[in-house]
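Pulled from TrEMBL, these are the features on record:
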BINDING   B:Lys11, B:Gly12, B:Gly13, B:Val14, B:Gly15, B:Lys16, B:Thr17, B:Thr18  ATP binding site
DOMAIN    B:2-150  domain 'AAA'
Amino acid sequence: MSLNVDRASTAFTFKGGMLPMTVMELTSADPERIREQLAGKLSQSPAFFQHTPVVLSVEKLDEPHLALERICAVCRAHKLLPVAVRGGSDPVKQSAWALGLGWFPPQEIKPRNLESVATPAPEAAADNEPVPASGGRIHRGTVRSGQQLTAPDGDLVVIGAVNAGAEVLAAGNVHVYGALRGRALAGIHGDAQAGIFCRELHAELLSVAGNYKRLEDIDPRLLGSAVQVRLSDDQLAIASLA
Amino acid sequence: MAKIIVVTSGKGGVGKTTSAAAIATGLALRGNKTVVIDFDVGLRNLDLIMGCERRVVYDLVNVIQGEAGLNQALIRDKRVDNLHILPASQTRDKDALTNEGVEKVLDSLSEDFDYILCDSPAGIERGAQLAMYFADEAVVVTNPEVSSVRDSDRILGLLASKTRRAERSQDPIKEHLLITRYNPARVDHGDMLNLEDIREILAINLIGLIPESEAVLRASNQGIPVTHDANSDAGQAYTDTVSRLLGEEVPLRFHEYQKKSLLSRVFGGGRR
């Protein structure tokens, strides 16, 4: 029963993976304007700005030279971590590499106009990668204490319970088909139309677009029941679904 | 190949070591070659609970650092032939454990044993993470109180993400809930969480329920795992737990408060 050392251990393995990533689409190259807007967003939904990795998309900018270093510094000052740049001219690519950032080629599908209000037709997803049309996320199973689940681009659906000490965040709505005992934050990018829905309310904290209520502030009669949470006149309104 | 089972909880003082000793003893009594490893480097306790503290020469850290062979460090149990103990070091700290070292020890033990039980330290730091990293199954020990349940929930999250099976995207660790120190009378009074509440929050398979019992404290102090105390409620509950671990269907006992049964337990040999 001696110790066998024959198993050669490898230091790492490469794995392909699809990770949810927030894309920061720049419509201005002015670091000051970016700073102002970030400061406003930060006060609305501080939970989102926790060293969140972002890809800076400069496809909409028609400028061959960017103050990329200053833009990155502004982002980091607001607890956003730029990890890569998408699109832009060759000098932009070179300066991204010089800053230790990755560079992605421009998106092939023509980017949607931010100003357009009409919902675009769902784009065909790549054959082998089923991506929900809305950018939402579905989680099956219990979200446990200490775990954090984020849907940075859409709705979050949890089929199971969210336990005390867990946190679920979504740019859109949060649906919990089970007991909600942890924290739920909807509309983390400031969408005031977002809502929270759950089967059984025991939440530590509810927040829609930065407006929040703690467990202590919630009418005890609503605890344990199925509810929806919406923003009405800058106040969280909790209504029974029964 | 041995089955590696970690006994863990997050919270301290809920009965991890008592349960690891009792389950290991039960598995060995059923004819399985079993070794129980104390991962609580610096706070060695398992040797006391197993009653072998006077026979410790080398320990887990000595083996990992190449100062002793595995055979020199393994202690054979006095009462059960198939049972061995690998004690922790009392004079070192958890940094003495390395991932590769633990893997080597577990690989070697795997060749000779049917079951390897890893008695995890409390907390969620390095020692606890190493104890669970290579596990195939986990016994999560929980007391009927809110803080213990929350810590168990946290540990279940780590079992699903910070283990070899999770990192290699293999079949997930089989998780079992073991509720200890359950006192049906206090549950009835509302002093303790009840069984159904705990099961609902943690949402995993219940492997056993150990009633609060004087036999446990006595067993710990005597260094005889409570499984040997076949007349005690706790001893029987651990025997049931081992049967369920081995895949048998055993009805749940000791979870309901009945005045009559309490009386009959007092007169019927609950104490000796």
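Along the chain as shown, residues are numbered 1 onward.
Placed from the backbone N, Cα and C atoms, the Cβ positions cover glycine too.
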Summarise the domain 'AAA' (B:2-150) by DSSP state, stating how many residues are helix, strand and coil.
60 helix, 28 strand, 61 coil
Arithmetic mean of per-residue pLDDT over the domain 'AAA' (B:2-150):
96
Quick one, of the binding-site residues B:Lys11, B:Lys16, which Cβ has the fewest other Cβ within 10 Å?
B:Lys11
Cβ within 8 Å of the mean position of the Cβ atoms of B:Lys11, B:Gly12, B:Gly13, B:Val14, B:Gly15, B:Lys16, B:Thr17, B:Thr18: remaining residues of the chain near ATP:
B:Ser9, B:Ser19, B:Ala122, B:Val141, B:Thr180
Got a sec? Which of these binding-site residues, B:Gly12, B:Gly13, B:Gly15, has the most Cβ atoms within 10 Å?
B:Gly15
Counting across all protein chains present, how many other Cβ atoms fall within 10 Å of the Cβ of B:Val14 (ATP binding site)?
25
